[in-house]
Amino acid sequence: MNAAGGGSGAQAAGVAAGNSSLSHNALLSTASGATTMPMAQLADGWLELESDPGLFTLLLKDFGCHDVQVEEVYDLQKPIESPYGFIFLFRWIEERRARRKIVETTAEIFVKDEEAISSIFFAQQVVPNSCATHALLSVLLNCNENNLQLGDTLSRLKTHTKGMSPENKGLAIGNTPELACAHNSHAMPQARRRLERTGAGVSSCRFTGEAFHFVSFVPINGQLFELDGLKPYPMNHGGWEDSEDWTDKFRRVMAERLGIATGEQDIRFNLMAVVPDRRIAITHKLKMLRTNQAIVSGTLQKLLKADEQGESGNGDSQRPDTPTTLLEPSAFTARDLQSLLKNLDTEIAINEQHLADENDRRHMFKVDASRRTHNYDKFICTFLSMLAHQGVLGELVSQHLLPSKKVSGQGAANRISKQSNTASAGGSTTGASASTPKTQQQQAATAKNGKSPSKTPGRRRKGRNKCRKRK
């Protein structure tokens, strides 16, 4: 398909209709201007992605945008340094009452002017399960290129889709192989099975049986825009005061949105910020601190050397010239410079630790991605087969997979049995203790007479004796 054509051909029609698969032999022209290439990688369609800042950060790197990262926002009131935009994930249930309230509210701020729509990057989501990539591109492709290096793929996509309709921009995204392959490379194996089992539909970003959706909030020309690929138009929330930042306007919009959405005690959402790579700012700060450290250290050495020469008795000696661009020796004593040098050493150590922490985070992003995307099915099947071959699988199943009701019933029976045994033991003990005095008397009589005492006659014998006496 020719991306600039905006949906020409059967393949574009299939994508627009929501097909989740393409032919193995399909040849597509990408929006990046590359030559046609086999698209076997896209044969299974776009897959669902988790809502994870580490995943999104690695996905941006795969897109070719290296100086950006994604962070999760836990507190709206906490200031965020230089964000490019925000990505909001929420549960998508069309019939929900709060959802209808949001639709009624946002319908009033739709931007329907075609010229205004063409001047920004707004793409409709015509490819299922691509909402994560749509949300990232809605932020990145509406940023000032002077402040952000997009990379070759995204720069060409932005250039070639300029002036397209929102639907054609969505088709261009869906048929850009670099984006699709990068997107699918971060999906879990369950996503492919879920796609094969349920088919295409609204993207669900966590496998809980409920649909979730991403939208983006970005500042464009002094206005706060909300870009939702499932809406027909972009939404303009208006501008902000000169004395405030655009994030202040965003906080007010989100506070109102969450107030509506949580009217039924539903707070299942999360918020992420697209920000500059923190390591760049830390590295730049470390460079400045080390430069200042070298200047202060050099000035201190010269000052100490001059003081030593003065104390040696050479009164005619002059202090050597020192740099005047940053520090004047006459304005600082040796103690002042030593204190300043100590503070610089502390700041350098703190920032080095911050840089190490950020690098460790990136490493853990990669570790988590490997665990997330690895298919453990073969290992699990082989492991269970080995257990069955050794004849221990059945025993393990009987030990660990018993029904809970059966287990609880056996526990109750055991408790009753223990109580019965305890009661029986108590009764026998009481009887034994009651017969103890009588037994002692018998033992005493035996010891005195040398023979066992006669047994006490029973009731029947006593009755006969009474009758004989009467006679």
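Heads up, the Cβ atoms here are built off N, Cα and C, so glycines get one too.
Taking all protein chains in view, 28 other C-beta atoms sit within 10 angstroms of the C-beta of C131 (active site, nucleophile). Per Swiss-Prot, active site, nucleophile is recorded for C131, and the stated evidence type is sequence analysis.
Under the heading active site, proton donor, Swiss-Prot lists H213.
Per Swiss-Prot, compositional bias 'Basic residues' is recorded for 457-471.
Summarising the annotation, Swiss-Prot assigns region 'Positively charged C-terminal tail required for binding nucleosomes' to 405-471.
Feature annotation from Swiss-Prot assigns region 'Disordered' to 412-471.
Among the features that Swiss-Prot reports, site 'Transition state stabilizer' is placed at Q125, with the record citing sequence analysis. For Q125 (site 'Transition state stabilizer'), other Cβ atoms within 10 Å of its Cβ number 24.
Taking a C-beta cut-off of under 8 Å and a sequence gap of six or more, D228 (site 'Important for enzyme activity') has these contacts in its own chain: H213, V215, S216, P234, M235. If you look up Swiss-Prot, you'll see D228 marked as site 'Important for enzyme activity'.
For the pair C131 (active site, nucleophile) and Q125 (site 'Transition state stabilizer'), the Cα-Cα distance reads 7 Å. If you take every residue in the region 'Positively charged C-terminal tail required for binding nucleosomes' (405-471) and average the pLDDT, you get 53. Within 10 Å of the C-beta of H213 (active site, proton donor) there are 21 other C-beta atoms, taking all protein chains into account.
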